[in-house]
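What TrEMBL says about this one:
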- 359-380: region 'Disordered' (REGION)
- 361-370: compositional bias 'Polar residues' (COMPBIAS)
- 371-380: compositional bias 'Acidic residues' (COMPBIAS)
- 414-491: domain 'Recombination activating protein 2 PHD' (DOMAIN)
- Cys419, Cys423, His455, Cys458: Zn(2+) 1 binding site (BINDING)
- Cys446, His452, Cys478, His481: Zn(2+) 2 binding site (BINDING)
Amino acid sequence: MSLQMITVSNNTALIQPGFSLMNFDGQVFFFGQKGWPKRSCPTGVFHFDVKHNHLKLKPAVFSKDSCYLPPLRYPATCIFRGSLESEKHQYIIHGGKTPNNELSDKIYVMSVVGKNNKKVTFCCTEKDLVGDVPEARYGHSIDVVYSRGRSIGVLFGGRSYMPSAQRITEKWNSVADCLPHVFLVDFEFGCSTSYILPELQDGLSFHVSIARNDTIYILGGHSLANNIRPANLYSIKVDLPLGSPAVNCTVLPGGISVSSAILTQTNSDEFVIVGGYQLENQKRMVCNIVSFVDNKIEICEMETPDWTPDIKHSKIWFGSNMGNGNVFLGIPGDNKQASSEAFYFYMLKCAEDDVNEDQKTLTNSQTSTEDPGDSTPFEDSEEFCFSAEANSFDGDDEFDTYNEDDEEDESETGYWITCCATCDVDINTWVPFYSTELNKPAMIYCSHGDGHWVHAQCMDLAERTLIHLSEGSNKYYCNEHVKIARALQTPKRDLPLKKPPLKSLHKKGSGKIFTPAKKSFLRRLFD
């Protein structure tokens, strides 16, 4: 095993805990940035080009008939082939978090529709599910098993937000383990069926899963309800006859206690488990080899790489599998210096370069718990592992380069600012005040002068008023400028009162307005 430091030439801020890597025919692509995609790369997918220990992120493109794929972080992702012998594959993406901190329950299928020496064109389609539809979640796993010439997806574990009736302001982002149900998902017909297995009693998240033919192996994981990392090892076998599927679970000995680990495949019968946590505040520095001999699984410790002092002393780490036994790792930078990087990155090679390419086993590890802004700063690496090859990309510098200068600076566009003289929003405290992003307060734009952002909370706006203002395109002003804005308005022109014609007045008034004495006088005058 060898460890090399990787330098990133552009847009380092995109690579944060929660991303995933997808490998299409030896080319690795980055997916799952923390914010919404910018105009520089509206798809939010980048070619992950590593050469000579130097990483470049180059924007990827999608076909016109693709659906929108949000930048999901911590989804469950796996490779799907039509059959075990098929070389062409797609990626299945389920669940995950959006930049608004909402959880997705959608399932996407991502495939390559065009490829040349300059760029790869993707197509993404959304798959509708019927039946027992899994709830929105993250930290789970999805794998594909093959039995009797048929294939089906197996979804298990994860976490979800508490029911809406229990989500109060103080606990809006509180999560709970999903029920330990096993879902079988038919990607062709969009049918989902839930199974309750007596061997699976507790919900698990951030476990490692390995799909091998008709069996899924579940290793480790974290139970939020009990706050433990049990040394689990389950095998879930799926039989696909012409009728209803049969699902059986067996508890196997020899499991390991680990969560948030990264899994990479070194050959057709061997895998390596890297990283993870053994306690909430303690990384697991031991690596394990998972081998299959005569359809039996064996897990044993292996020689660890020469970890650098920075890796040893960091409280968190995260990364993903690049294929061919290569693992991409990240650790927080030194925040003591203003010029220090947010994260430092390494590549760990667990196998030699001549890796056996005949990999019929599909792997998937769903790792880590939260990102630094959401919860504990310790368990923080949401990783996804794939078995496809990760050879270096031959085409060079023909992609449109991502321009980091095009990114908007949130420090100047609102949120954590002192918006007015009476602003009392604490930047160190999460304030979900009428917010579309659950960890940022709602903002409103004052149109006075050059314009500026003001917290809706500081303007003392009711939620109904804020929604009403956001629906229209009219200008509105903060409390300090609303009087000025009113003074600038042109007063409405008063319309003159309509006077009835004199003839009409005389006609209506004769016999009613004049007294009898006046009538006698008028007769004598006109006679």
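Glycine is no exception: its Cβ is also placed from the backbone N, Cα and C atoms.
When the CA atoms are compared, the binding-site residues lying within 10 A of Cys458 (Zn(2+) 1 binding site) are Cys478, out of the candidates Cys446, His452, Cys478, His481. Sequence-distant neighbours of Cys446 (Zn(2+) 2 binding site) (same chain, 6+ apart, CB under 8 A from its CB) are His452, Trp453, Val454, Tyr476, Tyr477, Cys478, His481. The least crowded of the binding-site residues Cys419, Cys423, Cys458, Cys478, judged by other CB atoms within 10 A of its own CB, is Cys423. If you count neighbouring Cβ atoms within 10 Å for each of the binding-site residues His452, His455, His481, the highest count belongs to His455. Same-chain residues with CB within 8 A of the center of the Cys446, His452, Cys478, His481 CB atoms, the Zn(2+) 2 site residues themselves not counted, are Cys420, Tyr445, Ser447, His448, Gly449, Gly451, Val454, Tyr477, Glu480.
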